[in-house]
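Undergrad: The structure is given below, and queries will be raised subsequently.
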Amino acid sequence: MIEEFAMAIRQFRLKKFRTLLILLGIAVGVATVVAVVSLGEGLRINAIEEIQKSRDLTLIEVSPGFRENGLVLISDSKIEEIKEYGEIVCPYVKDAYVSPSGTYFEIFGAQEGYRTANELELAEGSWYDSGENQIILGSDLWEKLEKIDGARIGTPITARLRLYGEDGKPLDKEISFIPVGYLKPSGNEIDSRAFMRLEYAKGLSKKEYYDGALIKVESSSLVHETREKIDKLGLSSSSAQDEIDSVNRIMNGVTLVLAFFSSISLLVGGLMVVNTMVVSVYERTREIGISKAIGASESDILRMFLAECLFIGALGGVLGDFLGVLFSTFIDKIGRALLMSRLDVGNIEHLTALNFEILGAGILISLLVSVVSGLYPAWRASKLDPVSALRQL
């Protein structure tokens with residue numbers, strides 16, 4: 001193959017302008033695919049980083065499970081079994097409430113472990129003690145109740161507990177609470193919740209079972225194993241990894257679609273290779289005839305033309321990767337500036353993400369397109385009749 005590549009290089013030196021056009025056609029197609037894929041990868045990484053910032057990857061939410069024989073509820077006995085699986089296991093109940101102004105919110109009745117597991121910090125006030133009707137408010141909920149209902153720390157407020165009878169009719173109960181503090185912003189659903197002692201919350205709604213439980217494991221690597229154990233108990237579970245997996249599936253699909261449409265430009269490059277190689281076969285008919293007359297086989301001729309295609313593919317892939325890096329950098333700088341100025345999003349370090357897998361795929365795609373496009377011209381050249389070719393001398 002060394003000799004074939006040497007011949008390919010000589011041919012390209014003879015047809016420099018034509019070779020340059022082919023290389024540009026392949027390179028632009030590869031660069032477009034590389035840039036688009038890097039954009040999809042960058043968006044995927046940014047979305048996952050946002051999840052990791054707002055969610056603890058070591059937390060598992062347990063909820064009642066649905067099985068063939070019915071609903072599996074979270075009882076005290078289930079909690080005792082679950083306690084073997086994590087560092088912190090905190091059951092909770094939750095109920096819907098509505099303030100006098102019509103603000104709907106949930107109050108979670110939870111043990112101290114819930115605060116520890118979620119690393120909740122007070123912005124003002126103190127955590128509830130033995131007082132039965134004391135509550136802690138999330139930052140967003142506090143802001144609403146303070147502005148709309150005039151809530152103040154230490155001053156009782158009233159809210160209606162939304163309960164329903166067996167006939168579906170509402171059985172609302174008015175409850176008085178004393179806000180003793182509110183939390184620092186968490187950046188997740190906790191900001192819109194309120195919290196109170198578990199025993200008091202269960203007593204208000206007269207619940208025998210828990211609505212859920214929170215488990216904190218030592219590391220994120222134990223989450224999958226722990227969730228399998230929970231599933232064997234008949235319960236359901238979820239974690240931040242579910243959101244990450246969902247983001248991966250969606251973004252991989254989006255990136256694949258974008259790459260497919262951007263690869264249309266590669267079709268142009270492939271057609272340029274076909275056209276150029278067909279013309280090259282026509283121009284070198286006499287050369288092929290002489291080669292066959294002095295002993296060159298069909299496979300020798302085939303390898304000679306495929307070597308030229310491989311050379312085009314390799315150079316086009318490298319040049320395409322270089323242009324793809326430039327395109328990706330341009331998209332990153334322009335896109336980040338647009339998002340941060342026009343759409344008022346937070347600070348984004350990188351909008352695109354390049355790695356060796358993407359760049360390597362760019363070169364492989366270039367080689368594949370070049371070889372596939374050159375198969376027919378190479379086969380046609382190998383099948384030329386030497387006698388007919390020599391007649392053109």
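Placed from the backbone N, Cα and C atoms, the Cβ positions cover glycine too.
Unlike curated entries, TrEMBL annotations are predicted automatically.
Taken from TrEMBL, the feature domain 'MacB-like periplasmic core' covers 19-232. Residues or ranges marked as domain 'ABC3 transporter permease C-terminal' in TrEMBL: 260-386. What TrEMBL lists as transmembrane segment is 20-40, 256-282, 309-331, 351-376.
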Undergrad: Are there residues at least 6 beyond the ends of the transmembrane segment (351-376) whose Cβ is under 8 Å from a Cβ of it, and what are they?
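TA: Sequence-distant neighbours of the transmembrane segment (351-376): 26-27, 29-31, 33-35, 37-39, 41-46, 263, 266, 269-271, 273-274, 277-278, 305-306, 308-310, 312-314, 316-318, 320-321, 324-325, 328-329, 331-332, 335-336, 339.
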Undergrad: Can you tell me which parts of the same chain pack against the transmembrane segment (309-331), counting only residues 6+ beyond its ends and a CB-CB cutoff under 8 A?
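TA: Contacts with the transmembrane segment (309-331): 5, 8-9, 12, 19, 22-35, 38-39, 269, 273, 277, 351-352, 354, 359, 362-371, 373-374, 378.
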Undergrad: Write out how many residues of the domain 'ABC3 transporter permease C-terminal' (260-386) are helix, how many strand and how many coil, based on DSSP.
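TA: For the domain 'ABC3 transporter permease C-terminal' (260-386), the helix, strand and coil counts are 105 helix, 0 strand, 22 coil.
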